[in-house]
Amino acid sequence: MAFQQTQQETPILKYPEDFGLHPNVSLENAANMLFRAIQTSQTQPYTWTFIDKPQEGQIYLLFMPNPAQSLNDGIRWQDQENRYTMAVQRGTRELEVAEVKYGFIPNSQDTAAWRMRRRYRLHKGGHPQLVLVHYSRVPPIQIVPSLLNNPVRHYPLRQITDPPIYVMGDRAGQKVFPHPAGPHQGGMPQVGMNPQAMITQQNSNMEALERRRERERTRDGSGGVGVGQRPGPPRLDDDESADESEMLSTRTLAIARYRRNHELMEEVFRHAAFDSKKPLSSKRIYEGFDKAELEAKIVKLQDDVRALQAKAAERQAQKVAADDVIVTASGHAPMELTT
């Protein structure tokens, strides 16, 4: 029986969210979680950490450039890790499972080796470097006495100062450094603040700045402006410039003014375009015509029709008379038509 040896301490990249405790994870559930993790991992940076003495039912999502490397989790395993593959989701994907049994935590309350760890990754049909790790239990066996107090890593664990990093997507390899709060960030929007809250904060900062300038105008006007003289622009001394830079950044102030001006212009054009127009009165389609004029046109058309009918009857009579003359000259009696 091969036993685990003390390993070199190297941190590992872990998805920052907690998945909670789950006593069992089926193969289909593991495949679904790994497939969904491909999308979420493109927008969420992974953090460097040590997996140490996990609880039963704990789940971790790891990014392992070399999935075949061993994983030190603070548990002493009394068995070898076995690997096998299973077809999941109607054969569209292939899931690799690395299973190791009969683990215990040295120098703890574990009196038997009952822990089991399974590592899942999509060998085909997914991202092979995303690994889902789940800890559960198996029927216990006796702990080898020589291993009972033999830890698998050196304590205390070193402190990790490496920043989180994106592991895939357009920002793969980019580190995410914390933004320390400084004395000149009072007017800057906070990270994670929604757009509506950012606009509200910018408007309040602008109002405070305008009130300050109004007080400066009032103080300068009451102190040194004579009768008939126009007060000059407010003086921006060094102190005021420093206060303004502490309250608002140039970009924040410009964005807020740009947005406010567009809102005002939108109000102006909306009233100009719609408020002065009256609704069109609904008229029937024939109300635009003159009844007397239409009747006169009808009478004229009727006279034209009668004149045309008279001309047609006259031409017909002339044609019949011409036929009678031709028949009489030939010596034959005209044919009578009977109805």
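Any Cβ shown, glycine's included, is placed from N, Cα and C.
TrEMBL does not curate its annotations; it predicts them automatically.
Of the candidate ranges 95-122, 291-318, TrEMBL annotates residues 291-318 with the feature coiled coil. Sequence-distant contacts of the coiled coil (291-318) (same chain, at least 6 residues past either end, Cβ-Cβ under 8 Å): none.
Each residue of the domain 'SWI/SNF and RSC complexes subunit Ssr4 N-terminal' (19-146) gets a DSSP state, and the totals for helix, strand and coil are 16 helix, 56 strand, 56 coil.
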